[in-house]
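According to TrEMBL, the domain 'MacB-like periplasmic core' annotation covers 18-236, 427-640. Positions annotated as domain 'ABC3 transporter permease C-terminal' by TrEMBL: 283-398, 676-789. Positions annotated as transmembrane segment by TrEMBL: 20-40, 276-297, 328-351, 371-396, 417-440, 673-696, 717-739, 759-777.
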């Protein structure tokens, strides 16, 4: 008890030191827990399902004779689920999911509301993916053609005043009966939906299962103790036999089983996460905790030497080494414990803010893991021993008589370990500053790079709402608006151009040429709205739309391809014009060759693309606002026109730039995290440097007084006091350069289009850190150098 009272008294006596030490450690713990919450969130994807260890997403990958690598798809042919369930006894159940267009119109009184996330599924869907049931019976919920299962959020939205089970909901003028309600999906799932509809009424499932059309998302439930590697080998052999003609032609087509727990971070076909970034965040979390722990230890070690006389006196009057050790352990334990409590409390308070900052809803769910508390306990013991037990042992070795005489050999705080710890701190800090600057430059490059199409000032409306007739009316009414440059539409967004198409021609350099191609059905003014340069030929016109409406067997459709597609076939842009191609049954001449444009992430290369006229369905409508026009006024004009055409429909819009920004969500999150926590690491390191430099200046105060008496200038004294520390920062910078180069070189290879390794970034990182460090210790040095030497030499 006496030791505890004495510990509290010492902490209060050294209030400034205690606050700095506790605050810097608490800050490091807070940042560590925030990053840990993000890492835990990313690792939790789809693990909430009870049988997730046995459920696999079935994906497909294709490589044509002309391609060097596989192209990966989340979708599979319709035939996969029913045939696999019969052919492979290892599979207990197989179900399919099919997206309900882009969105649906749900009637709510007199108003029609657009809803996304509606999916058609097989009757046994819940026997594979066992989502939590709120009401109803999911075993039979999808047994009838018009059955629908809602998520809790959608059920409350449309049936706020009663039980929705058995009620009817109108979707695109068709009645559906609510048979069950399931709990809202957590944010950590790759399989998002808002409602599930029975697929029994879909005509595509009423015919013999097809291998040629890949539009289904397929899940399989494996039986207990199935060896997935062996099963995958059997599937590969089966597919070679099933698609022998394609394999003989040089195509390699694979159907892959990917456990849903690994899809988010490992799947090339369907994963939205990035394992590399998770490693970065894990390293950053560990680095922050290490820096704060090193800082705490360094400060404690420096402060312990200041208490050397106190310890020496206690030893002279009979204190034992064990007693001194216990005293330090209790003091350190109180400070580490206080910092832990503050760090955890701050993490809990700041997590909602951090979630908003990243755009990722998170919870400290790791608190429910018992290993978390074990880790906290181990951290407490190890850090307390490092920061308290070790300095106590060091001080206990000093001879009391030497300490009392002021002959402590380490009076200049030149413990080699202290210098090593400072160097480690700054090495990590400078490394993170280097990475942050590179990430920021790469994101700038992505945002400003010419992608071959102009996506600025383009408003996107839902094509499902407008339909074809509404689109034409909208175009006619907006044509006379000064603020509007043009209106067009396409089957889907340019950032989501679909693969799964095949281009064939007998007029290429090779006879009977065939290749996979990405294609997008478009409205005739698409090229002009997006300002895509035409290299040869001409764009679509009204005649092409009329031909596209033709349903006869001999119809001819005008087709546009990009430069890369022409080159793959063996044509120049001029040679391609007029040549006949067949794209999934759409046969017609090439009307134009456009320049290559990048519709996907810059992490991917430009692909061969085909554009052809569409007339019956448009998922997205694009309205180009004139440069220099008042955007707010233009949006008001668009909304006013929209409301006249569809008076009972909610006006929803977004800018196309937002879709492109979403392609780099992971990179933006990474950049934000690195910007924030690189700053934190520098702050923590500077807090430690400030305290240690202040202590070092105090230890050398008599030396400074003597030097001033002998004529040393303030500038020379400041240089003397700062040079040792700045040398450590410089050494840390030299070590951080190759580490930063290696890390950024690896990271930039994720992008096909990226900045070069620029040396000025390394120099800027070093200069920033050096200036901040000098400002941190310069004040203390200047104060010590300006002190009156009479005061420091009075006791001599």
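Here the Cβ of each residue, glycine as well, is placed from N, Cα and C on the backbone.
Automatic, uncurated: that is what TrEMBL annotation is.
Distant neighbours of the transmembrane segment (276-297): 21, 24-25, 27-29, 31-32, 35-36, 38-39, 42-43, 265, 335-336, 339, 379, 383, 386-387, 390, 421, 424-425, 428-429, 432, 435, 666, 669-670, 673-674, 677, 680-681, 684-685, 687-688, 746-747, 750; these residues of the same chain sit at least 6 beyond its ends, with a Cβ under 8 Å from one of its Cβ atoms.
Note on the domain 'ABC3 transporter permease C-terminal' (676-789): DSSP counts are 97 helix, 0 strand, 17 coil. Through the fold, the transmembrane segment (328-351) approaches residues 3-4, 7-8, 10-11, 18, 21-23, 25-30, 32-34, 37, 296, 300, 304, 362-364, 376, 379-380, 383-385, 387-389, 391-392 of its own chain, all at least 6 residues removed from its boundaries and within a Cβ separation under 8 Å. Looking just at the domain 'MacB-like periplasmic core' (427-640), the mean pLDDT is 85.
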